[in-house]
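What TrEMBL says about this protein:
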BINDING   C:S47, C:L48, C:R49, C:T50, C:W75, C:R110, C:H147, C:P148, C:L149, C:Q150, C:C272, C:L273, C:R300  carbamoyl phosphate binding site
BINDING   C:E142, C:H176, C:K236, C:R276  N(2)-succinyl-L-ornithine binding site
DOMAIN    C:3-160  domain 'Aspartate/ornithine carbamoyltransferase carbamoyl-P binding'
DOMAIN    C:184-310  domain 'Aspartate/ornithine carbamoyltransferase Asp/Orn-binding'
Amino acid sequence: MTNFISLADVADIDALIQSGRDAKANPFADQHLGHNKTIGLIFFNSSLRTRLSTQKAAQNLGLNVMVMNVGQDSWGLEMEDGTIMNGDKAEHVKEAAAVMGRYCNILGIRAFAGLQDRDKDYSEQVMNQFKKYAAVPIINLESATRHPLQSLADCITIEEFKPVPRPKVVLTWLPHFKPLPQAVANSFCEWMNQRDVDFVVTHPEGYDLAPEFVGNARVTHNQDEAFDGADFIYGKNWSSYIRYGKVLTQDSSWMVTGEKMKLTNNGKFMHCLPVRRNVKVSDEVLDSPQSIVIEQAANREWSAQAVLKAILNNL
Amino acid sequence: MTNFISLADVADIDALIQSGRDAKANPFADQHLGHNKTIGLIFFNSSLRTRLSTQKAAQNLGLNVMVMNVGQDSWGLEMEDGTIMNGDKAEHVKEAAAVMGRYCNILGIRAFAGLQDRDKDYSEQVMNQFKKYAAVPIINLESATRHPLQSLADCITIEEFKPVPRPKVVLTWLPHFKPLPQAVANSFCEWMNQRDVDFVVTHPEGYDLAPEFVGNARVTHNQDEAFDGADFIYGKNWSSYIRYGKVLTQDSSWMVTGEKMKLTNNGKFMHCLPVRRNVKVSDEVLDSPQSIVIEQAANREWSAQAVLKAILNNL
Amino acid sequence: MTNFISLADVADIDALIQSGRDAKANPFADQHLGHNKTIGLIFFNSSLRTRLSTQKAAQNLGLNVMVMNVGQDSWGLEMEDGTIMNGDKAEHVKEAAAVMGRYCNILGIRAFAGLQDRDKDYSEQVMNQFKKYAAVPIINLESATRHPLQSLADCITIEEFKPVPRPKVVLTWLPHFKPLPQAVANSFCEWMNQRDVDFVVTHPEGYDLAPEFVGNARVTHNQDEAFDGADFIYGKNWSSYIRYGKVLTQDSSWMVTGEKMKLTNNGKFMHCLPVRRNVKVSDEVLDSPQSIVIEQAANREWSAQAVLKAILNNL
């Protein structure tokens, strides 16, 4: 694998999922692969799971890890080409990416959507600038429109827990008072559309995801109907794509509760975390055996390890 | 050892002190113990000595280390159960602790007292929530009411410097303009009460420590009397426990000076650091051979190593 | 080498440059040198290249690395002796440096000029206090008046790219709207004055560097004249030394452009980075083959490795 920015970088999803499951079974089998190699993890935004799981996976593979918070450990980076840099950004990504690429064999980059300018966010400027200038493999640690390490962990989790060969998987919008990016939902759609699952997306009106992500998935505004017979409920809030970055409703009837989970086929509840309890989903659900959010988060280590191994094998 | 949250987790203090002294004599003897194991150091508050000494001790034992500043590298964590999470905390400790416990074999947690609500602070909510949900050993890197890695380093230091088998050890309150936690003083009492020392606590009226910590220690409001013939002066400021979190006095006559040290039996001056010079203790004392604060701080590495070794031996 | 605070600590510049070039050719040849040794990298200011390149070089040599941002990971440090510490600094450098020196075999320190008090900045208080109290070798990661790791990387770069045995090297002031330290420019002068180069410094009136740094270098206020026939253009902004810390002009005619580079002998453009594009130097220059800023930044790894090796050999 050359980069891991989106699903388009993955030649064989099944093999990558299996590689993650192999890493879980035997974490240190490939420890020689990273010897005397270094990954830089560059965060433009906060992180808990991605920060720790990617570091851990890298160490399992024998890689050295350097972590940097942009704008905190260092200064802000200018992403626009041709600009006169007389503002608050002290360095251009052309230099920063190229230099980091000289110190690191692989770079992981986290840069969330700004949610102000849809075209800019959906152009994936930060990922693309790093890809263009770093001259080393780039791993997406959550970008403006995608979170593929999460999606790969989700696939691994569904493989582990699916009760039937072709499970019904439901992505449901959850209420939240703050505008959040569409990245996790987009990415989940992108990956599920390539999996052998019965995939349904449900959300209130006005929360349609971008067509290139939702693809041919079945979409309904009726959450109950979507939940009916589901094997997996994947909860996530996102702000509107159509009225970009806006919170159109906080309708609490969309919160996942024990009552709603009864509509499912003893379905498992998934969420990428962090999750606001009793806003997006009730304690009752998260504290029940139906919730697999911790196992799902634990699989972030193995999705990162599968990706790192594929990239190291190609260095 | 299963956890190291308070002295109650220690089966044999003498053995633990000896283990620290052994590590000091031979730092890398147990380097195999941590191989392919990872400790996460999670800071809700600033740290210098604890941050560096625990990292160093972990590396001496061959452990991988991941450091995270909560609310800076990541977001704030909700500690209350059953709450509707519509405030500024994006993740519940139930998830965060469980997830960190999947990526790490051991977790070290620093979370100071808030000094607003005594019952809450003294319930040790953060430590107990991590202990409940992380499913891996928890090390206290200073909690609301205790700092046991400091106390163990203090015990090692007293062993090294005691001029007689049963030294006189005095914990004295020092003046300070900011309200500070009682954790270090509490913990020092807790440990000294289990040691073969003549232990005296001295502080102005209103600064009594919690009864469960001060135990049977002799307490006096007369600092000069306390200092008389002392082998060790252990200085520390703390805010009032009775009028919780309040600064009742900044009486500078409680500052430790060369004059006061003359009352002692050529006593050694100890302080956990950081210390404000010429507010809590004079330059004259800190710059004299009687001050052993640097050796005491250096022993933080060996106290952490003793604790980590005991936990690794039990994994 | 005992310390690396300024050029005065270097016995043989040629040997140090050669050591850096050897490290570049064979990065892992000395990996045993750092085994079971630890470097602490202490940042009072932001950093990108220095942070990552020094970490990387240390890892190449098998060192453990601990990174700490003062005032962010920990609290502020008092540098003045004899003060009553009732302000915002919670710890004195006497204690902090001594303690860090107990946990680390080598300390790297970054502390920029405050640009308020010239005498204070030029006394190099922070470096000198750490040197005085840490009791381990100190590496300057950019101090108030010098950036010798940068200068060494610059020397390596000039060796690699010089078209003639004795190249013409021009240090030119560049326009900028913020007051920046003189450290990089000072240091570059200090090192160039010891090299076999034709060294010219050019800047607007009022921007004279301190005499002890500029030495016998030729100085001109005519940038075009300076550029004439130059093999290397080394760009840098600095604030005034005479009217200390002031921005006297932002005259954009001093920006390096393609037109100006035509005056040179097909000269190479160098800059320590970060650089503000189209403020200090045009895109046209930075994106041309004449720019060697990325190779120069890449050499930071090898300058750090040469210095670390020399210090480790002396431990």
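Cβ coordinates are placed from backbone N, Cα and C, and glycine is handled just like the others.
Projection of TrEMBL feature records onto the structure.
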residue : record                                 : contacts (Cβ under 8 Å, 6+ apart)
C:S47   : carbamoyl phosphate binding site       : C:R110, C:L141, C:E142
C:R49   : carbamoyl phosphate binding site       : C:L273, C:A297, C:R300
C:W75   : carbamoyl phosphate binding site       : C:K89, C:A90, C:E91
C:H147  : carbamoyl phosphate binding site       : C:N140, C:A183, C:V184, C:S187, C:C272
C:L149  : carbamoyl phosphate binding site       : C:F4, C:T50, C:S53, C:T54, C:I139, C:N140, C:L141, C:E142, C:R300, C:S303, C:A304, C:V307
C:H176  : N(2)-succinyl-L-ornithine binding site : C:N237, C:V247, C:Q250, C:R276, C:V279, C:K280
C:K236  : N(2)-succinyl-L-ornithine binding site : C:L171, C:T172, C:W173, C:L174, C:V184, C:A185, C:F188, C:H271, C:C272
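When secondary structure is read from DSSP and collapsed to three states, C:R49 (carbamoyl phosphate binding site) falls in the helix class. Summarising the carbamoyl phosphate site geometry, the residues cited as binding it (C:S47, C:L48, C:R49, C:T50, C:W75, C:R110, C:H147, C:P148, C:L149, C:Q150, C:C272, C:L273, C:R300) extend over a maximum Cα to Cα distance of 29 Å. Those binding-site residues from the list C:H176, C:C272, C:R300 that have a Cβ under 8 Å from chain B Cβ atoms: none. A distance below 8 A between C-beta atoms marks C:R49, C:R276 as the binding-site residues from C:R49, C:E142, C:H147, C:R276 lying next to chain A. Under the DSSP three-state reduction, C:K236 (N(2)-succinyl-L-ornithine binding site) is assigned to strand.
Helix, strand and coil counts under DSSP for the domain 'Aspartate/ornithine carbamoyltransferase Asp/Orn-binding' (C:184-310) come to 47 helix, 20 strand, 60 coil. The binding-site residues considered are C:R276, C:R300; of these, C:R276 has the fewest other C-beta atoms within 10 angstroms of its C-beta. Annotation note: C:L149 (carbamoyl phosphate binding site) sits in a helical segment as assigned by DSSP. Computed over the domain 'Aspartate/ornithine carbamoyltransferase carbamoyl-P binding' (C:3-160), the whole-number mean pLDDT of the model equals 97.
Taking all protein chains in view, 25 other C-beta atoms sit within 10 angstroms of the C-beta of C:C272 (carbamoyl phosphate binding site).
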